[in-house]
Amino acid sequence: MAAPVAIVMGSQSDWPTMRCAADVLGELGVEFEARIVSAHRTPERMFEFGRGAADAGFKVIIAGAGGAAHLPGMLASLTHLPVLGVPVKSKALKGLDSLLSIVQMPAGVPTGTLAIGEAGATNAGILAASILALSDDPLSQRLQAWRAERTAAVAERPTDS
Ligand code: RP5
């Protein structure tokens, strides 16, 4: 069976950020496929991927890009699957450019937009799992246990060390 989550990114340089989505999906036991698909450098690949994503068996797409970050929005225009956009931190503008490029979609073409950088990628992974968990009880149980573990790991008081 095909992996339910696609993690796509505009460049190899996005992988250290996008790997956070991959890591958390791995912890939750969710299969994923990671691919480089650039809206600007490989537009034909983007069209092919976006148009074929649902038929390929994907259920959720996590798309990360930096700077003029058009990949998440373009993919959202090419597929009815949910697209979660991760603004990758850019060198010049620290990811504010990426965030604004992803978040300001016109009405009718929604792109879920997460925080800039690694926190956003991690949360995109968790959110993808939450979406899949709506129709997957064992995953829902794993997700709830995972969240409870993280809650229990927060100390009530700070320490000096
Ligand atoms: C975007 O340009 C990519 O998503 C990446 O965040 C940024 C820089 O890409 P590289 O020049 O590092 O390949 O398309």
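A Cβ is built for glycine as well, from the same backbone N, Cα and C atoms used for every other residue.
Heads up, TrEMBL stuff is auto-annotated, nobody curated it.
Note on the domain 'PurE' (3-154): its mean pLDDT in the predicted model is 98. Among the features that TrEMBL reports, domain 'PurE' is placed at 3-154.
Cβ contacts within 10 Å of Asp14 (substrate binding site), excluding its own Cβ and spanning all protein chains shown: 25. According to TrEMBL, the feature substrate binding site maps to Ser11, Asp14, Arg41.
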Can you tell me which of these binding-site residues sit near ligand 1, meaning the Cβ is under 6 Å from at least one of its atoms: Ser11, Asp14, Arg41? Ser11, Asp14
Asp14 (substrate binding site): secondary structure state under DSSP, collapsed to three categories: helix
Cβ within 8 Å of the mean position of the Cβ atoms of Ser11, Asp14, Arg41: remaining residues of the chain near substrate: Met9, Gly10, Gln12, Ser13, Ile36, Ser38, Ala65, Gly66
